[in-house]
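Peer 1: Can you keep this structure in mind? I'll have questions shortly.
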């Protein structure tokens, strides 16, 4: 029997379970899919989930509704361990995440062709776009050291604006030279791939901006450095690629990698906040109003947390977003204590994005939900089956301006992704979160690889 066939549907809870005790996982894995989404998933997603259970120290596993095949483990998985750090679920883009800001500018201004083109051009002038591109912010070595150690705090931001102001980095840890040299020049850059800045409007008719990016070349070099070091130490994953490695708490590498993850996350937090400043300035220049920062949150990270059962664990979220509801102990004393923090979920460039609020039911998913709508087509398949003229026409028909009128990246076009509503329906059906705000795209800016 395949792993997919072995899944059991829990209709009242809106999820599936998969018994992986034969692989050492004591609790059944929970998979949060509607029957529609479940039926669309390929067997390899379930095989990768089962493979994740074979890591040492794994205590719990969750799949979010946007899950799809990833490197070694699915994108859209949550893995709780006893302290063992798993490199694949953290990946190369440490701390990747979302930031959004809102305004009281009517969406009709954003739909004005001249204004949204002017906004797009202003943003593209102010930030670094594409793989390897430098950022718009210049900092000294000393300032960069402070940023990778204290994240938002180094920029003067309080935790109210972010999932966290920073993750602590221990005295004595230093970033590898290659990572430091790449990172210092990339603050204020968006990057390529699925990273974007997008002008949107909400259901009440006001303009928002959503930004998606991570730790850029700094995080990549950190990940690569420790992946190769761990590969030399771990023998039971040999031949499976450097991403397949892990680092146990008693390893000499554990302390270094733990600090590297924190530094990568701090860079990503600061990078998103620098972009907020640059894009916010562009917004103010074009639309004449001061926007308001709403929130900033990661969806690619491992960090120490209390599980819903009260256990201490390292919770790895690979393409999954932390979702604390009202009353969660971590929100006590913040402005989100009685509401839960905003959970930022982007759709494709031609689809809706969402701001959610977690429900108490998110405990069943290790306080997690999805991070987007999930791929249904690989980049290679997209480039083989879709055409440039076709995706350009599609975005024009959807009335979304891409890259100020430039070509639409084929491998990021709407047909590459699942419908966002299908994924959000699964979140709501499982009582993980409710929808607070629905956002419609007007203009999208992406770095072309």
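Here the Cβ of each residue, glycine as well, is placed from N, Cα and C on the backbone.
Keep in mind that what you see is a predicted model, and the values were worked out from it rather than measured.
Feature table excerpt (TrEMBL):
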{"type": "ACT_SITE", "residues": "371", "note": "active site, GMP-histidine intermediate"}
{"type": "BINDING", "residues": "93, 195", "note": "Mn(2+) 1 binding site"}
{"type": "BINDING", "residues": "194-198, 299-300, 346-349, 353, 371-374, 446", "note": "GMP binding site"}
{"type": "BINDING", "residues": "212, 299", "note": "Mn(2+) 2 binding site"}
Peer 1: Across all chains shown, how many C-beta atoms besides its own are within 10 angstroms of the C-beta of residue 374 (GMP binding site)?
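Peer 2: The Cβ of residue 374 (GMP binding site) has 25 Cβ neighbours within 10 Å.
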Peer 1: Out of 195, 212, 371, which of the recorded positions is least crowded by other Cβ atoms within 10 Å?
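Peer 2: Comparing Cβ neighbours within 10 Å for the recorded positions 195, 212, 371, 195 has the fewest.
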Peer 1: Below 8 Å Cβ to Cβ and six or more residues apart, same chain only. Which residues does that give for residue 300 (GMP binding site)?
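Peer 2: Correct list: 90, 91, 93, 94, 95, 96, 97, 214, 317, 318, 319, 371.
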Peer 1: In three-state terms from DSSP, label residue 300 (GMP binding site) for me.
Peer 2: strand
Peer 1: Would you mind checking how many other C-beta atoms are within 10 angstroms of the C-beta on residue 299 (Mn(2+) 2 binding site)?
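Peer 2: Residue 299 (Mn(2+) 2 binding site) is surrounded by 30 other Cβ atoms within 10 Å.
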Peer 1: So if I draw a 10 Å sphere around the Cβ of residue 194 (GMP binding site), how many other Cβ atoms end up inside it?
Peer 2: 22
Peer 1: Is residue 348 (GMP binding site) helix, strand or coil when read with DSSP?
Peer 2: coil
Peer 1: Filter the binding-site residues 212, 299, 348, 374 down to the ones within 10 angstroms of residue 195 (Mn(2+) 1 binding site), Cα to Cα, kept in sequence order.
Peer 2: 212
Peer 1: Measure from the CA atom of residue 299 (Mn(2+) 2 binding site) to the CA atom of residue 194 (GMP binding site) and give the result in Å, rounded to a whole number.
Peer 2: 13
Peer 1: Going by C-alpha positions, which of the binding-site residues (197, 348, 374) is nearest residue 299 (Mn(2+) 2 binding site)?
Peer 2: 374
Peer 1: Quick one: give me the count of other CB atoms within 10 A of the CB of residue 197 (GMP binding site).
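Peer 2: Residue 197 (GMP binding site): 28 neighbouring Cβ atoms within 10 Å.
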